[in-house]
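This report concerns only the one structure given below.
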Protein chains: 4
Amino acid sequence: MTSPPRDETQTPPEEATALLDEDRLREYCGVFGVFDLPEAAAYTALGLHALQHRGQEAAGIVSFDGTRFHAERRLGLVGDHFSHERTIKRLPGASAIGHVRYATTGETMLRNVQPLFAELNSGGFAVGHNGNLTNAQTLRRELINEGAIFQSTSDTEVILHLVARSRESKLIDRFIDALSHIEGAYSLVVLTNGKLIGARDPLGIRPLVLGELDGRYILASETCALDIMGARFVRDVANGEIVVISHEGIRSICPFPSRPARPCIFEYIYFARPDSIVHGRPVYEVRKAMGVELARENRIQADVVVPVPDSGVPAAIGFAREAGLPFELGIIRNHYVGRTFIQPTQAVREIGVRLKHSANRAVVSGKRVILIDDSIVRGTTSIKIVQMMRDAGATEVHFLISSPPITHPDYYGIDTPQKEKLLAATHSLEEMRREIGCDQLAFLSIDGIYRAMGVGRRNDRQPQFTDHCFTGDYPTALTDLAAENRAQLSLLAEAS
Amino acid sequence: MTSPPRDETQTPPEEATALLDEDRLREYCGVFGVFDLPEAAAYTALGLHALQHRGQEAAGIVSFDGTRFHAERRLGLVGDHFSHERTIKRLPGASAIGHVRYATTGETMLRNVQPLFAELNSGGFAVGHNGNLTNAQTLRRELINEGAIFQSTSDTEVILHLVARSRESKLIDRFIDALSHIEGAYSLVVLTNGKLIGARDPLGIRPLVLGELDGRYILASETCALDIMGARFVRDVANGEIVVISHEGIRSICPFPSRPARPCIFEYIYFARPDSIVHGRPVYEVRKAMGVELARENRIQADVVVPVPDSGVPAAIGFAREAGLPFELGIIRNHYVGRTFIQPTQAVREIGVRLKHSANRAVVSGKRVILIDDSIVRGTTSIKIVQMMRDAGATEVHFLISSPPITHPDYYGIDTPQKEKLLAATHSLEEMRREIGCDQLAFLSIDGIYRAMGVGRRNDRQPQFTDHCFTGDYPTALTDLAAENRAQLSLLAEAS
Amino acid sequence: MTSPPRDETQTPPEEATALLDEDRLREYCGVFGVFDLPEAAAYTALGLHALQHRGQEAAGIVSFDGTRFHAERRLGLVGDHFSHERTIKRLPGASAIGHVRYATTGETMLRNVQPLFAELNSGGFAVGHNGNLTNAQTLRRELINEGAIFQSTSDTEVILHLVARSRESKLIDRFIDALSHIEGAYSLVVLTNGKLIGARDPLGIRPLVLGELDGRYILASETCALDIMGARFVRDVANGEIVVISHEGIRSICPFPSRPARPCIFEYIYFARPDSIVHGRPVYEVRKAMGVELARENRIQADVVVPVPDSGVPAAIGFAREAGLPFELGIIRNHYVGRTFIQPTQAVREIGVRLKHSANRAVVSGKRVILIDDSIVRGTTSIKIVQMMRDAGATEVHFLISSPPITHPDYYGIDTPQKEKLLAATHSLEEMRREIGCDQLAFLSIDGIYRAMGVGRRNDRQPQFTDHCFTGDYPTALTDLAAENRAQLSLLAEAS
Amino acid sequence: MTSPPRDETQTPPEEATALLDEDRLREYCGVFGVFDLPEAAAYTALGLHALQHRGQEAAGIVSFDGTRFHAERRLGLVGDHFSHERTIKRLPGASAIGHVRYATTGETMLRNVQPLFAELNSGGFAVGHNGNLTNAQTLRRELINEGAIFQSTSDTEVILHLVARSRESKLIDRFIDALSHIEGAYSLVVLTNGKLIGARDPLGIRPLVLGELDGRYILASETCALDIMGARFVRDVANGEIVVISHEGIRSICPFPSRPARPCIFEYIYFARPDSIVHGRPVYEVRKAMGVELARENRIQADVVVPVPDSGVPAAIGFAREAGLPFELGIIRNHYVGRTFIQPTQAVREIGVRLKHSANRAVVSGKRVILIDDSIVRGTTSIKIVQMMRDAGATEVHFLISSPPITHPDYYGIDTPQKEKLLAATHSLEEMRREIGCDQLAFLSIDGIYRAMGVGRRNDRQPQFTDHCFTGDYPTALTDLAAENRAQLSLLAEAS
């Protein structure tokens, strides 16, 4: 809750955000935890680096050295700060949790960077959260009325206060007490003076896996964070499960009534890293399968299949193979655009998308192009990419999307624009095609995506996945939304 | 409670502290507040600049724009950050409070930088504090047991939680309720959404004055903060008084039983700026009077009176005039030593004091020198200064101190070493003289200093000043000390 | 030649270099220039951004506003500095040249960052250079003996001094005079008070193209720098040609005897961006053709073709198609590794290559893998990549390289290790295979690569390309090498 | 000649300059050198720190380790950079020279920061210069015409080129050859691979002293740089003398015809530190003597003598003693104003001088005040100081200046405004008095200042001091001024 000396040689967050592809969904967060492993903070930094795709705005680590907790929280990439030995040295101890974060609104504040920490009468309590609570604002107001002082605008802090105020005597019971009040999506890692705790919401909306290295347990959002350090995948933490890791070993608690899992389907479409295995499914193979289904649903006369890099590549490989057409890199991505390239003056500002992507004219010119992307959000980038193909000489542009149209916003930790800004929520397919300027536009069907997931078809009474972005079928109550207080407003404006 | 990107081109705080004269007492803080004056934050920055001598480690301002509060808190000098227009622009509004801070321990943390802020159900509440509570740790433990989550290790945060949890309905009553629980020294400035509040502890240990500019009220630790902006001094806030400034004007509340004031005598000896007027006494004139009394108590044959710059200058002027001896600048201060000069290598490290001071050989050589300083803490600097005089050719060095020997630590906002480190607590006068290496050592007597203060002599049953550093006569209970939990330990170590 | 305030929050250059894949060849530089186009510096920044792959260590721009020249030179990526409006505003004028740079040795010095500038009696003269002179040290010694004072250790500065000292009267003649003394590879852009000049060495070793935007001329190392701003490709600057662009239009001068061009073949293998067209050949298509030739030379029983990302991708696509095998992303690249991820502690240091690449287990496990890379330098990364495939369950690993073995160092602007460090210079094919740990190792043949280039076969008496890295056939004299003074030593060590 | 990454948390130089008291004369530079002493750079940093008053804009050190030279040049104070061990470690070797600098114009460029360095055929040659050449522009043009490339806009670089181009065979002869071409004021320190050289212009306008520590020689602008490290003062370097220090010992050369010395009188009035001894005269005692003479020339009825801090203090002590009036600190200086306090908004901008100085009302109110300052340049600060005295209740303000009126600009290394801006050049005494708003204004007479210097009276045919600022009697030719090319313009604008 403080003002750091802003280093103006770095791009200010607001500008940097402007650079990020605004026409993308974003995941809020990734979490990692390790217990009883020497150099815990160094391993946590590695794990967070592997989870960097889940949040690029800020990162934090809290370690415990047996006596004291140590925290470092920074804006920027994991590698910007946590790869420095001097930072890691400030995080001694054999247990640590970490967090990477992306924030939706302009409120890029250091005080929101996780893990959050509270000093309870039982000792320290640090928590990192992936997901979003749907009744956080309602709870926050109640807690303030009772005299709680909030340090952040984060929904996660509600959990801290609920634990601090619980009248249960044992810490784990206080934690369960706290979870019993919250709604929404959460995969949590918690560090106390003696325990590493993992918890997933009753539907298992966000992922959380258990791994093992040198006989010590690890928690992570995705398996890729295990792979980077040569750790072994043990199992997914189950929906509704709490795992308590201590020097006595691991204990599993399922305090709430059992329900079928309903993981978020967007992890497969876009968020998870292609080399991760989510709930037993290799993400890369699922994406190729989406491309295959897309090709089966759309038989097109064309010369070349071109992915929108990088997320469209696996689906394009699947598509090209199923369609018997050549797969070509018709769009080249500039790897140096980083977070920092702001178009400096008006005259060159329109250059926009070319800063990141350029057409590979040799591949595209004079060709009928099938362009494969994973999703359309606002459609603003799609317009530019299609135009870029035409400028490079494509005679036809068939724009195929390897997931269904996004028609509803998310409230579980994905940053979606308001419904009015979602292209598919306000336009018919033909209107979208005209807006985007392609010769043909097609989306994968709901059935197609469930087939690609390997579950036959959608069970409409009890859907196998959280898929409200396509269907409007929200899996939990939306208390704050109903109370019209969804926005996390703070009375205090502070850069940090 | 966050980690700022440390700018390594700045001297890290721990090193900078090493540079500061460790043989000095330090004041914790200075406070400032202004209500209903356009550009409130800019005036607050000016006021804090004038109060910079009360705390050089960090500074913060919270402003209120009628709707939202805005905060900026930084390590470093006021001018380092708050003189930049872009910083002031982030602090809109016509009301603001500010704080400068010096911290005793190594825990230089941004989350301890004031003003602190809480979002209450009645709105925002920001507070800046000069002084130190003597029961903060005891209260903190109670509050944590009740579920409060602390964001800092500052004793001031206790006040926030007491206000947040008070069951009174009106905010001012909640504030009085909070004050009724705390012990020790405090001069507070508080900013709410409609009020600027000032409060002083029942004994008025730390100073707080009320000023006026263009018909708007100002609160400040010292009158010099009024002078810099051409504001008019109205009066001291009284001991035990709360002043509430709002659009309805100013209201004075004295909620606790009336007691005689007992301001800290060290403000006159060392802390306050010489051009400030504290409780009606011009500090410069008091210091000269201490020199006069010192001369009356010590008639010495010598050639020249030399002050240890800069704090010894007024007493030396008074001494020289009373003694009829020439006043000369026998020690030259290097104005560029700033916060940053670290001796780079071992071989040149012993140069030490010469980085800041150098002997003016032309004045000292072959002379019997009377050296005047305001106090001796550890004595380490005194040894070097005396040696410097001898190296420059002084034939005799009479070291005279314009205050009594410091034998007891402070718990009210002055950074004193532990009793064992106080030279006068463990050495006889002759032992001290030998340690320091001077030909004669003398201190002003207790009677002498009370005479210089213009109050005749010390009323031992009800002393006119807080003077425990010389007498061991502490004016309040020392609850935390009795409970052996004086140290403000946190379970969390974080640079910010 | 000055010491910038090092921003220690950035990774120091030496560490950052350690992070870069040390097992890669590197290009020294890229150049760009524009004449008589408003916002010339902004366009130059864009062009340099598109050329960033040619040099990531430093960037610089010099503009001319009709009266004065303006320079900004920085360590870091183009986007780190030159995307800020305030930087571009310090570069007014309608003409500008720019430079991106990679430096071989540890001497990362700001004074070596180009464009270099000299004030001649005729006015200012700025130059940016891609390539390397082979007699720079010899000339430097002569010039110093004549009283010249060098400001950098750059070979390019020799050109400045030769121009400054030429006895010719017209500037262009002085420039030609200077070129007549230098040997080696150079593509130069020069800015004077009225002219933009481009020049290529007699063999055209490094590329340089002429473009046009809104009727104004542009010079750039590659066509991708034209594409990013929608400029039109006009033609390659010819080998040995000087083009002089002024308000009078464009003039071509060929002052030296005509010789056949001999461009560097490594531009096609690795350096140039795949969407660039170099001497009429699309780089992407050439790389695919190398993969095709490689497949023709090596018929292998395998299950999957996996590229080492990103440079191996086009060849792998070509190979897979020719071989009739599936192309799969068996290695996933972490896009966030950036320049900054240093392994913080010893225990996790061995993780190395996994910071940047991870095996896509789903694709590789239980498979016979054909791994495609573009080249082998030291072989250190190859060892790790092959091991990564085995760890992920590959049953066989066939490692195929789409260019011939590198047996000789370069002296024309490619950073190659000393001959002893080149794996192929000191190992037989079988020794290399065992070192790398793959089941099979194969390189494309010299004939194969010339076929892929579309020129039939190598003309040994007058080779069509500069290919000494494979053949030892250096196209120019190596004067400095003969004189054993190749190293650019300076008597002065300075970080900047 | 490069662009450092500007640290925007620091005050940009142009703003910082705005903060400096613009109504002050400034010295360009101070120099230091040490030969054959371990940790030479650390000692040089200390010496420069003691000379900081001679230049606060930038500092640089060049060391020689027996093989290579090492340079660090930075904007800012010595302590900002050269007190860091990591900086000193980059400057190995037992010989070093250093330089502190103040620059007149807005061209705060790193490439102008000294010592400058050239690589000659005989080895490295570094030079630091205090003073200013009066024919530098004329020589620069000639050198450019001959093909020299300048790296800076500094007049000092002319010396480098003259040495580099000299046809003499021995380095010392080349140096003498170079000196034979230059006119003006110079105290030089030079470091070569085996020698430390000091040189003073034929009139000895700027000071340079020889010292000794542990049997090793030191050169420094003032004796205070010897005192800080406990070095012994040996003697002044004589006017027109070159001292050559090597492992063979020290050698003195006087290559030019002998002339009487004529040191700059302003060193005594304002520039030199009060504890320095310049040409055998203690500066502090000279300043007191100026106050005594001033009191003898002006017998005034008043209550109190108040110095304008800090430079007016010694003269005020002398005045008060001679006049039998009390000396009092009627103006308090804020020690924290540093380089950084910019008034953030318009409304508070007028506060101006109060940021640095405040009236000590207790001393001034109701009194007839004699205010003592050392000089008046533009008079802008004097107006504010006098007004501040009146605002604080002074009944009369007698403003007395301890030097004669400044009527002519300097061209020898003092930053004076143009003649039109010098108050005394354009106003009569009475006009000045009215402008400043004091009741009485008086300056010390020329005779008075020569008396204070202890030389009886001015020898008008051969003045004992350089005093053209008062008399217009310039001691050397002003070649550049005659040629109307005094300004050091560069064709290149670069922040560094």
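For all residues, glycine too, the Cβ spot is worked out from N, Cα and C.
Taken residue by residue with DSSP, A:Cys29 (active site, nucleophile) is part of a strand. Annotation comment: TrEMBL describes A:Cys29 as active site, nucleophile.
TrEMBL lists A:Ser311, A:Asp373, A:Asp374 with the feature Mg(2+) binding site. Remark: A:Asp374 (Mg(2+) binding site) has A:Ile269, A:Tyr270, A:Arg287, A:Val308, A:Ser311, A:Gly312, A:Ala315, A:Ile401, A:Ser402, A:Ser403 as non-local neighbours, by Cβ distance under 8 Å and separation of at least 6 in sequence. Following the DSSP three-state reduction, the secondary structure of A:Asp374 (Mg(2+) binding site) is coil.
Look at TrEMBL and you will find A:29-248 tagged as domain 'Glutamine amidotransferase type-2'.
A distance of 23 Å separates the Cα atom of A:Asp373 (Mg(2+) binding site) from that of A:Cys29 (active site, nucleophile).
Those same-chain residues not listed among A:Ser311, A:Asp373, A:Asp374 yet with C-beta within 8 angstroms of the centroid of the Mg(2+) site C-beta atoms are A:Ile269, A:Tyr270, A:Pro307, A:Val308, A:Gly312, A:Ala315, A:Ile372, A:Ser375, A:Ile401, A:Ser402. Listed in sequence order, A:Arg54, A:Gly55, A:His99, A:Val100, A:Arg101, A:Tyr102, A:Gln114, A:Gly128, A:His129, A:Asn130, A:Gly131, A:Ser221, A:Gly413 are the same-chain residues at least 6 apart in sequence whose CB falls under 8 Å from the CB of A:Cys29 (active site, nucleophile). In this structure, A:Ser311 (Mg(2+) binding site) belongs to neither helix nor strand by DSSP; it is coil. Around the Cβ of A:Ser311 (Mg(2+) binding site), a 10 Å sphere holds 20 further Cβ atoms from the protein chains shown.
Cβ neighbour count for A:Asp373 (Mg(2+) binding site): 20 (other Cβ atoms within 10 Å of its Cβ, all protein chains included). When pLDDT values are averaged over the domain 'Glutamine amidotransferase type-2' (A:29-248), the model yields 93.
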